[in-house]
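One structure, as structure tokens, below. Some questions next.
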Amino acid sequence: MTNALNRRQLLALGTAALASPLLTACDGNSDNGPGNLIDVARSQAQFSTLVAAVEAAGLTSTLQGAGPFTLFAPTNDAFAALLTELGTTQEALLADTALLTAVLQYHVLGAKVPSSDVTPGAPVSPLAGGYFKIDDMDGGLVITDGRNRTALITQANVAASNGVIHVIDHVLLPADLTVVGTAQAANSGTPPEFTVLVQAIQAAGLVEALSAAGPFTVFAPTDAAFGSLLTELGVTADELLANTSLLTTVLTYHVVPALVLKAQVPVGQAIATLQGASFTVDDTLTITDGAGRTAAIVQTDVLASNGVIHVIDHVLLPTALT
């Protein structure tokens with residue numbers, strides 16, 4: 001599913017890039033300690049594009065303020081990778097100040113968070129709103145942004161007088177699709193994953209509800225999962241989609257009215273759903289539903305603008321259906 005999401009068209013961004021070595025220190029302030037975030041960025045050629053973007057967005061004075069802040073700082077090479085990804089220009093980036101502001105604020109936290117304080121897998125809330133997550137992977141820290149793209153922290157804990165900088169190798173982008181939109185976008189892949197789920201949400205009249213601010217955690221059954229349910233119940237897809245009362249009950253049982261990433265799943269505890277009934281998840285990421293049936297979580301933490309999706313291999317039922 002992640003590959004399908006990465007292929008969809010992103011917002012038009014762009015910039016020029018210059019290769020340069022990793023930031024190691026802040027020049028010009030060695031006698032008095034490091035300068036502020038902007039001073040540190042300006043002292044290194046590898047951040048020239050970032051500095052130009054901050055200036056174009058009118059955020060210079062903000063990042064020179066008292067803070068404290070945490071800045072996830074994309075290098076020129078990171079912006080160059082985005083330029084190649086989107087096929088756009090530096091002028092397009094610097095001219096779109098509204099977009100610049102949203103994207104840049106997505107790289108800033110309103111607190112000083114050194115790498116030692118990062119909770120792997122937990123949601124991180126930037127100034128722009130929304131969230132991303134940071135995972136510990138093979139001894140390094142990897143960020144997953146709102147569009148399920150990844151960036152590696154290539155250097156952590158660069159000191160600044162008003163916070164800390166973590167250098168990253170890709171520009172982060174905030175989510176642009178809700179949980180429903182994310183499921184719909186996944187259907188552009190081969191094969192599509194959530195055709196029946198999306199049809200069911202539409203038939204039950206739940207699109208608007210699940211497109212609200214949330215946050216929501218959706219345990220999303222694949223098309224194969226729905227195929228197994230049809231066999232289990234002895235009904236056709238058309239018959240299932242026509243039973244809107246049953247659909248609403250079953251679908252809302254797959255929604256938790258809170259943001260619950262994999263790292264936050266309360267193992268062995270009852271997880272309350274929007275439908276009202278609960279289910280449990282064990283330490284192997286196997287769900288036991290209200291009917292005593294099981295489903296495996298086969299993919300976790302697919303991020304969306306109003307929540308997160310975990311993909312499951314069987315449809316959950318709050319009670320046994322007869």
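Glycine too: its Cβ is placed from the backbone N, Cα and C atoms.
Reproduced below are the annotations present in TrEMBL:
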- 34-172: domain 'FAS1' (DOMAIN)
- 181-316: domain 'FAS1' (DOMAIN)
- 1-25: signal peptide (SIGNAL)
Quick one: mean pLDDT on the domain 'FAS1' (181-316)?
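The predicted confidence over the domain 'FAS1' (181-316), as a mean pLDDT, is 95.
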Please list, for the domain 'FAS1' (34-172), how many residues fall into helix, strand and coil according to DSSP.
51 helix, 38 strand, 50 coil
